[in-house]
Amino acid sequence: MKTLLLTLVVVTIVCLDLGYTMKCKICHFDTCRAGELKVCASGEKYCFKESWREAREVKIIRGCSSSCPEKKNVFCCSTNDCNW
């Protein structure tokens, strides 16, 4: 009985993936379509959005990061889907 209970606990932990994984937007446009999310790698606990002007366009990069880059036009956040 104890073996069965232990097996169920292990299977539950594996199936639920108790390790938290961050999800960030990855599109390179001003607005993103629904579902354009990336599951970040282990250790990447921030989402970021970097924008800058190039010629007559605004360029945007979004993604995951292990640290928050301290640049002028970078927005960082630490919740899922927050780098709008």
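Note: Cβ is positioned from N, Cα and C throughout, glycine not excepted.
Listed in sequence order, L37, K38, C40, C47, F48, R62, G63, C64, N80, D81, C82, N83 are the same-chain residues six or more apart from C24 (disulfide bond) with CB atoms under 8 A from its CB. A strand conformation is recorded for C24 (disulfide bond) in the three-state DSSP classification. If you look up Swiss-Prot, you'll see C24-C47 (among others) marked as disulfide bond, on the strength of similarity to another entry.
Here Swiss-Prot flags C27-C32 (among others) as disulfide bond, drawing on similarity to another entry. In sequence order, R33, E36, I60, R62 are the residues of the chain that are 6 or more apart from C27 (disulfide bond) and have a CB within less than 8 Å of its CB.
The disulfide bond annotation in Swiss-Prot covers C40-C64 (among others), and the record cites similarity to another entry as its basis. Packing around C40 (disulfide bond) is summarised by its Cβ count: 20 other Cβ atoms lie within 10 angstroms of its Cβ, all protein chains included.
The Cβ of C68 (disulfide bond) has Y46, F48, V74, C76 as same-chain neighbours under 8 Å, each 6 or more residues away in sequence. Annotation source Swiss-Prot lists disulfide bond at C68-C76 (among others).
Taking Cβ-Cβ distances under 8 Å and a sequence separation of 6 or more, the neighbours of C77 (disulfide bond) in its chain are Y46, C47, F48, N83. Here Swiss-Prot flags C77-C82 (among others) as disulfide bond, drawing on similarity to another entry.
Among the features that Swiss-Prot reports, signal peptide is placed at 1-21, with the record citing sequence analysis.
Cβ neighbours within 10 Å of C47 (disulfide bond), excluding its own Cβ and spanning all shown chains: 28. Of all the Cβ atoms in the protein chains shown, 17 others lie within 10 Å of the Cβ of C82 (disulfide bond). Fewest other C-beta atoms within 10 Å: among the disulfide-bonded residues C64, C76, that description fits C76. Long-range Cβ proximity for C32 (disulfide bond), meaning a same-chain Cβ under 8 A and a gap of 6 or more residues, is found for K25, R62, W84.
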